[in-house]
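Taken verbatim from TrEMBL:
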type	residues	note
DOMAIN	14-234	domain 'Chalcone/stilbene synthase N-terminal'
ACT_SITE	170	active site, acyl-thioester intermediate
DOMAIN	243-390	domain 'Chalcone/stilbene synthase C-terminal'
C-alpha cells in the first residue's frame, strides 16, 4: 500500500493483518542453546573418542548417517568436563539414571530461563503480566517440575497458573501451542509463556551394533530451548505475528510401537520403526485437509499456504513434500532449522516458526495469509495448527 504526501512523493505505508477477535496470537519468540557447539564434520571423531569406540563398522555407519541427516551444526549440554566427572556415562550397562538427571534437570531449566528472558524482552511487557506458563520437556524428571523452578527464577507471581507437559517427544512443541491457545482464548486478558527445553543427556550412550537407532540419535539430535508468548486480543503495544486459528491432534491406530521410548536405569532407550516416514506419508494428506477446511476458503491448495513443519529428519520432509506435491521452497524453513540445529525435539517447531516469520516479512505483500504448523511423534501422533500470518504487508 502506498500514499502521496503533500509534495506528491509516494511513500510506503506498512499495514498489519488484524487478528480475529478472541483468537490466540504469537506475540514474541526467544531461543537459547548450551555453549558446546558441535560441527557435524567433527561429530564422528568426537563421539568415538568420548565413548572409547574403535569399531570400524560403527565409524562407517555413523559417517554415513552424519551425511544423510543434512545437519551441519548442533549444540549440546554434554561436555568434556561432564564426562570427566561422570565417566560411567560411557560405560555400557551402567545404571546412570541418577547422574543423567543431575545434569539434565538443571540444564533444561537454565536453557528455558535464557529463552524465556529473550522472549519477554522482545515482548516488551513485564513478567508480572504473565498469567500462565506451559512447560514442555522430555528431558527431566522430578517433583516439583521445571515449571516451578523456571517460574521462581523468572520472578513470576506465585499465583501464576502452571501446566507441565512431559515426555511427548517431537510433537510436544505443537501440543504446547495448542494448550496455550486454549488457555489464552478461554481466559480473557491472559498472557501465556510457553517454554520448551530439551537435552540428549538421557539418551547418550556408547554405540552398540544391537542398537542401530542410537547412532541415528547421535547423528541427528541436539539440545536447546525455545519460548513464545501467546495471547488473544493484542494490545496496541504488542506485535502479534501469527494467529493460532485452529488446532487438532490425532493418533494413527495400531502404531504405538513405531516410536518406542523406555526409561531404564541406563537412561532412556529409543527404538524407531523404519516405516515411520511411510506411516506419516499415508496419513498426512487427510490430516492437512481437515485443518485447511477451517480457513473457510475451498479454493486454497497446499501450495497456496506457508508450511512450518517439525523436521524430524530429511526422509519425513521428503515424503511429505512428494505426497502433497509441494514446491521445493515450501519446506525451506524446516530444512534450514534441521541444518542449523538438528532435531531438538519439542523445540524445533519454534525455530522453524522464527525462520518463517522472517520469510513472511521479506515477502511483504506477496506473503501467504494461511499456513500449517505440523509435528509428529510417539503414537504415532499428529499435531496440527492452522496458522494465519499477521506480519506487516
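Using N, Cα and C of the backbone, Cβ positions are placed for all residues, glycine too.
When the domain 'Chalcone/stilbene synthase C-terminal' (243-390) is classified with DSSP, helix, strand and coil residues number 69 helix, 43 strand, 36 coil.
Neighbour count (other Cβ atoms within 10 Å of the Cβ, all protein chains): 28 for the residue listed as 'active site, acyl-thioester intermediate'.
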